[in-house]
Amino acid sequence: MADQLTEEQIAEFKEAFSLFDKDGDGTITTKELGTVMRSLGQNPTEAELQDMINEVDADGNGTIDFPEFLSLMARKMKDTDTEEELIEAFKVFDRDGNGLISAAELRHVMTNLGEKLTDEEVDEMIREADIDGDGHINYEEFVRMMMAK
């Protein structure tokens, strides 16, 4: 999987890896993994980090070497918001299936997620994502918003 990375990506990952390999022994500790990945623009949850560490740290010694790290990053990058996932997420918000997310639809989904938002907050979210200014979020605007996170 790491063979799908460009030389530039590998060099970038090596540089980040080296920053956290304090003693230069070619390994980083598992608790440093989250810091390394965040420095590369990934945003794993604690649960995801634990899963990744469990997958990579086969001997359970608490350290990860560079080849393991490369494999991990390649896998993580491949998993980053595929088009199918974005389409599915858009459909969750676009409750009436008209290809647009309205303020009411956004409020409904956010409320179901436990986010109690004021009308002003919902309107602000729409405004931030609404590139063409029609008061709704279309699929293209949704993708841009999701990729900007």
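Positions of Cβ are set from backbone N, Cα and C atoms, glycine also.
Checking the candidates Glu88, Glu105 against Swiss-Prot: the one annotated together with Asp94, Asp96, Asn98 at the Ca(2+) 3 site is Glu105. Residue annotated by Swiss-Prot as N6,N6,N6-trimethyllysine (from the set Lys78, Lys116): Lys116.
A Cα-Cα distance of 14 Å separates Asp134 (Ca(2+) 4 binding site) from Asn98 (Ca(2+) 3 binding site). If you measure from the Cα atom of Asp25 (Ca(2+) 1 binding site) to that of Glu105 (Ca(2+) 3 binding site), you get 53 Å. In sequence order, Leu100, Ile126, Ala129, Ile131, Gly133, Gly135, Ile137, Asn138 are the residues of the same chain, not among Asp130, Asp132, Asp134, His136, Glu141, whose CB sits within 8 A of the CB centroid for the Ca(2+) 4 site. With DSSP classes pooled into helix, strand and coil, the tally for the domain 'EF-hand 2' (44-79) is 24 helix, 3 strand, 9 coil.
Comparing CA positions across the recorded positions Glu68, Glu105, Lys116, Asp132, Glu141, the one lying closest to Asp23 (Ca(2+) 1 binding site) turns out to be Glu68.
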